């Protein structure tokens, strides 16, 4: 077939015999990729008179956008909240290993730490594209230290801080720099939090509400100042109460500014959130649900003792506790497990489950024009999955970066 190369000499790959998640539906179409982007085949045929250089038979797989994990504390023995000499090799290891979970982009997350840790670690995190080396880094998620003592969860109390006069300068001094920061989790009931939320939002940083005893009106005020996310809904916040539903009430609040959407993270690992609570949240506000792993260094390792920043954590099956307590501390769930559990627990469609781990986190971060969808001209970061939503292959920028090894099966 003639191939007009006037537009680009790069090879065109056509993925055939697949069902593509596009416009919230699985559609039986082919996927066309060139130079790391998803192509519009009509333009290719009619404007360029072009055709595919390579055809790949997907054997009836589902093709979905790559998963985006906006809250992951580490994994495989690596703890993002520990300042180590080989921090960079640690983050590289995690970004490589999570490709098998279908994660193509992530926000390395630091829990409450002393200022010295932020000053050492943050300069070593750089926003970068994904590839064969591993999932892309979208920027850091700083969870704390400006959070509530009552709802600190697994965060070390001696490192917690409040906002003093010159609150934003206080935050800057604590973190050292905001250059690579994508999300900050804080407690909105803290004095002077409003000015901090406004300033962070002005700098393009997503503000998330969490580890908090805020009532609903405090949470609504934070959203009016620019907050757009809730960190692991139901966990580390006041429980829902019918007279004051607290942060949870944001899911059905009528005080959200027009044109704005509040998103909320859910740890769908079967441990952190009862399936009934998952169903309540999903039915109340399906378009805001963002699946997160909240995975810690022990993810991918055998049960035993591991770290979460300044604390020692014990893993017992799928439960992780601060050593010697029954305080839950992150999860050891993988993103693909969370997607399957979410679909099973809520009975939602396959499309809905996949979008909670791809489209919604991309919308939260304002990057849905290039990530989280398979729209034309978006980044060709995608997964091949079977009907049970097990990942068979992971692609970044149109290149295969991981494939399930079937030889031993």
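Glycine residues also receive a Cβ, built from the backbone N, Cα and C atoms like all the rest.
Listed in TrEMBL for this protein:
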- 294: active site, proton donor/acceptor (ACT_SITE)
- 143, 211, 232: Zn(2+) binding site (BINDING)
- 154, 235, 236, 243, 272, 328, 329, 330: substrate binding site (BINDING)
- 62-401: domain 'Amidohydrolase-related' (DOMAIN)
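Fewest other C-beta atoms within 10 angstroms, among the binding-site residues 235, 329, are seen around 235.
Counting only same-chain residues at least 6 apart in sequence, those with a Cβ under 8 Å from the Cβ of residue 232 (Zn(2+) binding site) are 71, 210, 265, 266, 267, 272, 292, 294. Listed in chain order, the extra residues whose Cβ falls within 8 Å of the Cβ center of the Zn(2+) site residues 143, 211, 232 are 71, 111, 144, 147, 153, 155, 185, 208, 210, 231, 235, 236. In this structure the C-alpha atoms belonging to residue 211 (Zn(2+) binding site) and residue 236 (substrate binding site) are separated by 5 Å.
Cβ neighbours of residue 330 (substrate binding site) (same chain, under 8 Å, six or more residues apart in sequence): 73, 154, 294, 295, 296, 308, 313, 320.
Counting every protein chain shown, 6 other Cβ atoms lie within 10 Å of the Cβ of residue 243 (substrate binding site). Between the listed binding-site residues, namely 154, 236, 328, the fewest other CB atoms within 10 angstroms of a CB are found at 328. The Cβ of 272 has fewer other Cβ atoms within 10 Å than any other of the binding-site residues 211, 272. Of all Cβ atoms in the protein chains displayed, 29 besides its own lie within 10 Å of the Cβ of residue 294 (active site, proton donor/acceptor). Geometry remark: residue 143 (Zn(2+) binding site) versus residue 236 (substrate binding site), CA distance 12 Å.
Looking at the residues that bind substrate per the record, 154, 235, 236, 243, 272, 328, 329, 330, the two CA atoms farthest apart are separated by 30 Å.
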